[in-house]
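**Student:** Dumping the structure here so I can ask a few things about it.
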Amino acid sequence: MTETSYIMAIDQGTTSSRAIIFDKHGKHIGSSQKEFTQYFPKEGWVEHDANEIWNSVQSVIAGAFIESGIKPVQVAGIGITNQRETTIIWDKKTGKPIYHAIVWQSRQSADIANGLKEAGHEELFHKKTGLIVDSYFSATKIRWILDHVEGAQERAERGELLFGTIDTWLLWKLTDGDAHYTDYSNASRTMLYNIHELKWDEEILKILNIPASMLPEVKSNSEVYGVTKGFHFFGSEVPISGMAGDQQAALFGQMAFEPGMIKNTYGTGSFIVMNTGEKPHISKNNMLTTIGYGINGKVYYALEGSIFVAGSSIQWLRDGLKMLERASDSEEVALQSRSQDEVYVVPAFVGLGAPYWDQEARGAMFGLTRGTTKEDIVKATLQGIAYQVRDVVSTMKEDTGIDMSVLKVDGGAANNEYLMQFQADILNIPIQRAGDLETTALGAAFLAGLAVGFWKDLEELKESYEPGKIFQTQMQEERREELYAGWKKAVNATRAFK
């Protein structure tokens, strides 16, 4: 590996695709981003055009090379990280998708999920996959496409169709159809993968009538899956050597390599993931059990709590209530509040995620008086994000018995100093902000680089990690518990109002 070698991370997200080029020290030297179309055919449905996603990825690869000034031949390996659960089915010979990609947020297969519950399959799915039965995951989306595209079931049974999440689709396209693989982390989000036996589950496939021939082979998160075909990568054959779903990539990028290490990504929603080590913890409290990552012949499991609304509640203050000009203004406005924290905002705009999993709940405000100001509402909205994180972290502690010493954070809202300080106060543990908030792409780059010897081992990765600011608890215990008790009352009242 020469001094002039680099690693490229492709970060394929829900609204945009990005490519970032990293050097040996984990610093990005060039990047490019491109948004793509969101399709909403019916209420609750969300779809993407898989070919448009592929075109956007090709565009950002070129853009990253232009910005960095490096040549494709200098790329030692490519890591892919992706929006998870989003489902694509395509023709094996032509490479043409038979339907739009059904996005993780989409509820169009909810009836299939409800049918599985009514048939009494919930416990079986939970034990084998670690997941709750929900249309969030890929399994019901596959079944929906096979049911609604004419002839699809028969074609799948004849071995003519392939399924993949976004990682698999991009790998297949980059290798010109040579590689049909996925990784442990993405497989564990399909609701088809047995996380104990590390294989596609025959009983589940039979229940859903999904032919096994459609499914990609599952590999580790750090190995060479194939090489780019020259015409897709400007004349170079570069190994694709790392893959992970976005939240697991962020866990790896945050260096959460030991059991009990926990990270939270504050994005549109908030995703708290804890490394639980080499044995899965099946949650008794509605946390998702998933695979964190598999490297060097070992698989590390994780617990995940998904919060549906985090950063999007700040966007609501800006766009819906017109209380902010810019989302970043929320910190300054919150600090102007003179309230005693008696206002609570429960941002259940699309229901409540973990640990409640209440799709029917809707947002509410409590404690309003004639004296309540917009500053109070902005502050309470930020606090609502932090309270939800405590709900999840407390539940994880109850599930595992593990005391967390620090919460590692990243994502856009982690820049909000007021939110981070309140988060430390309400959790009573330090908050460590990442020095570089691009931890998702960095995790994919790390996985790719380890596989090709760009980095030697985890110890060398740790040397490149630069933590950002640490926020220490400043609140008294009595005050903390008083505030949190008020939040629990607000959530209970919200759930009662339907």
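Every residue gets a Cβ built from N, Cα and C, even glycine.
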**Student:** Please state which member of Y136, Y193, Y300, Y301 Swiss-Prot lists alongside R84, E85, D246, Q247 for binding glycerol.
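**Tutor:** As annotated by Swiss-Prot, R84, E85, D246, Q247 share the glycerol site with Y136, chosen from Y136, Y193, Y300, Y301.
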**Student:** Looking at Swiss-Prot, T14, R18, G311, G412, N416 are annotated for ADP. Which of T81, T265, T268, T473 sits in that same site?
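**Tutor:** ADP site check in Swiss-Prot: besides T14, R18, G311, G412, N416, the record includes T268 out of T81, T265, T268, T473.
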**Student:** For the recorded glycerol site formed by R84, E85, Y136, D246, Q247, which further same-chain residues have Cβ atoms within 8 Å of the site's Cβ center?
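**Tutor:** Output for this site, in sequence order: Q83, T86, W104, R189, G245, F271.
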**Student:** Here are some binding-site residues: G311, G412. Which one has the most Cβ atoms within 10 Å of its Cβ?
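**Tutor:** Sorting the candidates by Cβ neighbours within 10 Å, the top entry is G311.
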**Student:** Neighbour count first, Cβ atoms within 10 Å, every protein chain included; then name which of T14, N416 tops the list of binding-site residues.
**Tutor:** N416
**Student:** Indicate the candidate from S16, Q247 with the smallest number of other Cβ atoms within 10 Å of its Cβ, considering only these binding-site residues.
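**Tutor:** Sparsest of the binding-site residues S16, Q247 by Cβ contacts within 10 Å: S16.
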**Student:** List nothing but the largest Cα to Cα distance in Å, as a whole number, among the residues T14, T15, S16, T268, G311, Q315, G412 that the record says bind ATP.
**Tutor:** 18
